[in-house]
Amino acid sequence: MSAHESTQESTREATQESAPVSTGASRASLGHWTRVVVAIDGPAGSGKSSVSRAAARALGYEFLDTGAGYRSLAWLGLERGTDLEDPEAVVGLLDGFDYAIGTDPDDVRVRVGDVDVTAAIREPRVSGAVSSIARVPQVRVHLNDLFRSLLDAPGRPGIVAEGRDITTVVAPDAPVRILLTADEMARLARRAGELDGQSDADVARQVLERDRRDSQVVDFMTAADGVLTLDSTQLTFDETIDAVVSLIRAAID
Ligand SMILES: Nc1ncnc2c1ncn2[C@@H]1O[C@H](COP(=O)(O)OP(=O)(O)O)[C@@H](O)[C@H]1O
Ligand SMILES: Nc1ccn([C@@H]2O[C@H](COP(=O)(O)OP(=O)(O)O)[C@@H](O)[C@H]2O)c(=O)n1
């Protein structure tokens, strides 16, 4: 049985379960983590960010959008006029990179220095540049250290972190690991629905090119061993949230 099939099966079982709500977890299931760490990866438009945030809210957990870290560094480089194709220049940006992100799912503001970049990091110019900085190994090491310290910080009983390599590199030993997928047409339609001011064709080109470049660095299209695949193509937004919450509850109860 493939990882995909086995996961659809476990998703079905978990979704049908009507277990009482519990956000607790046994010490053993947490491994070395101080709280429940839920790792979610997937391609652009699969629903990682919105679904992870809603699942965190439903469980009383925190939420970590790791892509915001890469986007913020790209934003800084664009502001400074840095050549983002030059890895040395990109590494130079890390010196004194003063980055902060909210992990409350109801307050996910992002700051670089004194500037609130929450909206700016979603602009197409940042989406178009971010893959260039994400492929620099020193950037990944630097940001991964930061992400791990946020995952293990004192706070709510759990945290849902989403990105491209959370299940494989940042937290391969997380008690819950999910690959959230959706077929290309569904992903492009979702993204097109979000971005005003850009034609659907431009959005599609940009998303596919970003996925192509990102997948040269990390594999977020196939589930690593032990990672559950949840295909949201045929699911509504609410059904996807329910499925993720059920998978988390099933894993920690
Ligand atoms: N299962 C789903 N069905 C319909 N729309 C969805 C679903 N999951 C996510 N969306 C919508 O798709 C858009 C992209 O989701 P987002 O969370 O930004 O994806 P990602 O973080 O993977 O790029 C959002 O507008 C979101 O509300
Ligand atoms: N764990 C992660 C998260 C994001 N990224 C990079 O950051 C970019 C933006 O991530 P994102 O999660 O905001 O992207 P979307 O899928 O939400 O559009 C990605 O295109 C990757 O280049 C990464 O390399 N590793």
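For all residues, glycine too, the Cβ spot is worked out from N, Cα and C.
Listed features, source TrEMBL:
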- G42, P43, A44, G45, S46, G47, K48, S49, S50: ATP binding site (BINDING)
- 1-15: compositional bias 'Basic and acidic residues' (COMPBIAS)
- 16-26: compositional bias 'Polar residues' (COMPBIAS)
- 38-249: domain 'Cytidylate kinase' (DOMAIN)
- 1-27: region 'Disordered' (REGION)
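Structural mapping of features recorded in TrEMBL.
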residue	record	Cβ contacts under 8 Å, 6 or more apart
G42	ATP binding site	K48, E162, R164, L179, L180, T181, A182, F220
A44	ATP binding site	R187, R191, V207, R210, D211
S46	ATP binding site	L180, T181, A182, R187, S232
S50	ATP binding site	F237
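Taking a Cβ distance under 6 Å to any atom of ligand 2 as the criterion, the binding-site residues G42, A44, S46, S50 reduce to A44. Within 10 Å of the C-beta of K48 (ATP binding site) there are 29 other C-beta atoms, taking all protein chains into account.
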